[in-house]
Amino acid sequence: EVCRELWCLSKSNRCVTNSIPAAEGTLCQTGSIEKGWCYQGECVPFGTWPQSIDGGWGPWSIWGECSRTCGGGVSSSIRHCDSPAPSGGGKYCLGERKRYRSCNTDPCPSGARDFREKQCADFDNMPFRGKYYNWKPYTGGGVKPCALNCLAEGYNFYTERAPAVIDGTQCNADSLDICINGECKHVGCDNILGSDAKEDRCRVCGGDGSTCEAIEGFFNDSLPRGGYMEVIQIPRGSVHIEIREVAMSKNYIALKSEEDDYYINGAWTIDWPRKFDVAGTAFHYKRPTDEPESLEALGPTSENLIVMILLQEQNLGIKYKFNVPISRTGSGDNEVGFAWNHLPWSECSATCAGGVQKQEVVCKRLDDSSIVQNNYCDPDSKPPENQRACNTEPCPPEWFIGDWSECSKTCDGGTRSRTVLCIRKIGPSEEETLDAANCLTHRPIEKEPCNNQSCPPQWVALDWSECTPKCGPGFKHRIVLCKSSDLLKTFPAAQCQDESKPPVRIRCSLGRCPPPRWVAGDWGQCSAQCGLGQQMRTVQCLSYTGQASSECPETLRPPSMQQCESKCDSTPISNTEECKDVNKVAYCPLVLKFKFCSRAYFRQMCCKTCQGH
């Protein structure tokens, strides 16, 4: 790939590179391009100037499974920027890659377990710091509403068991908003994600606020000796209830039923500030250290309630406000009637392959047909919601795009693939696979390069040398180089991680070495040319490497000197020279006695004495 990295042949016939691509316009060739030139690191047909292509969104995938079976879950659909994919420096697609919609919005059966409570309970059988606990949802202050924070029942601590709750979980108990991907998303009062439908002041979804009236007042009566005193009665069906002290005091707000059963702060016992589930709604009792106390509830209430005050000092005043259902009368003295009615058919839930239309049942006034809260109508006579199939014709063929596989390599350029099928939806949960030709849009890519970044340099070890020395403890050595992942380039050692460098020397042994031994040289010449003499040789103690040693046993030392005998020349002396002892030499008998006749000088001086010896 000359356009990505230029290699040159040096004078010493070695391939070298400095990892720089060839210049723009350099001639190149590939398997599919016979003659090309380099353009932006790629080999393209000679003379062409590829233009940048901006990415385009592919089709949306089919909607996924609903996250909940009731109570308002979500399902998702994704699309990819691959029709076409951006190339040549083109822009990536702008817009939403993943979309969500509400599903299974029908209320859960009465008595069903709270969804967040179930998620906490799933951790009951998992040890936490070596112990098992029963977990309940914790929704107090200082925690993210879409994180799964659970309180250990019977213990004074909570912990985050998961960074995000399951999609479709309510952000908090007093809101319809739900968590998606760990973030709180708005839900309308019709339980539809992103809907603008709102409750009116009477808590009627999409209502005009005409079915209730506001009750507001101020209560500041006192008892001379203290005790419980009635503040206001809250009728059944009341909504947006707010009871608040005007100033801090030692008095306490209390709440009881018509039968004198106290729910909050009864029997001269003060409850801790918290949420109380009373009369079909949640009352939030607050008593801050630096503000007056309060009691609030969204409603509607399912029974008549009485707000009390436990007086322990002068009552400085309590403000109250709430909205109560209107009990209008008709032309006579009789109360207006209410009846269940079916709304018009809703839009079809799908544009093809079979959707559903619904007719919701609502409670209406008989005099003006305005929609009111359901508790005005008899729950036992409520008719079922109507439902019918719609848009049952098959959907147009579309591409099904699977998720990308893992990249085949983590660096140096791998590939990843995905499943791409031409499908047609023929029913709410039924699809058929078609030939690719049936899908008219451009086929999304099924394979693409990935992780094209270069791998970091790595250590490459050559083969070990032989063990040196040949016996006894020694070492093996090898060369370790810092190389590119394709093994074509060698880098300075500093570019590889020193802590991961393989060893360059290890200990070894080829067995015990032989002991030192005596080594004798050749014998020298005999000291006598004729007769007996001596000859010498060198004897050394050497190790197996040839080094001098002192560890050879003396008892095994070979001799370094021995007696020798040289044959005497028996050729008679010529007559020209008479063989005689020199007169002035008197020691000839001694020469013979000490066997010096073999020496030339003494043999000449004592010729007659030495003759024959």
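Quick reminder: no glycine exception, Cβ is built from N, Cα and C everywhere.
Just so you know, TrEMBL annotations are computer predictions that nobody has curated.
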Cysteine from Cys70, Cys81, Cys93 that TrEMBL links to Cys108 by a disulfide bond: Cys70
Per TrEMBL, the disulfide partner of Cys28, chosen from Cys8, Cys43: Cys43
Disulfide-bonded cysteine for Cys38 as listed in TrEMBL, from Cys3, Cys81, Cys93, Cys103: Cys3
Mean of pLDDT values spanning the domain 'PLAC' (575-613): 76
Spatial neighbour of Cys66 (disulfide bond) that is closest, considering only the disulfide-bonded residues Cys28, Cys43, Cys93, Cys108 and their CA atoms: Cys108
Those disulfide-bonded residues of Cys43, Cys93, Cys103 having Cα within 10 angstroms of Cys70 (disulfide bond): Cys103
Candidate disulfide-bonded residues Cys3, Cys28, Cys43, Cys108, pick with smallest Cα gap to Cys81 (disulfide bond): Cys43
Under 8 Å by Cβ from Cys43 (disulfide bond), counting only residues of that chain that are 6 or more apart: Glu1, Val2, Cys3, Cys28, Gln29, Thr30, Ile33, Gly36, Trp37
Lowest local Cβ density among Cys28, Cys66, Cys93, Cys103, Cys108, which the record lists as disulfide-bonded residues, within 10 Å: Cys108
Sparsest-packed of the listed disulfide-bonded residues (Cys3, Cys38, Cys70, Cys81) - C-beta count within 10 angstroms: Cys70
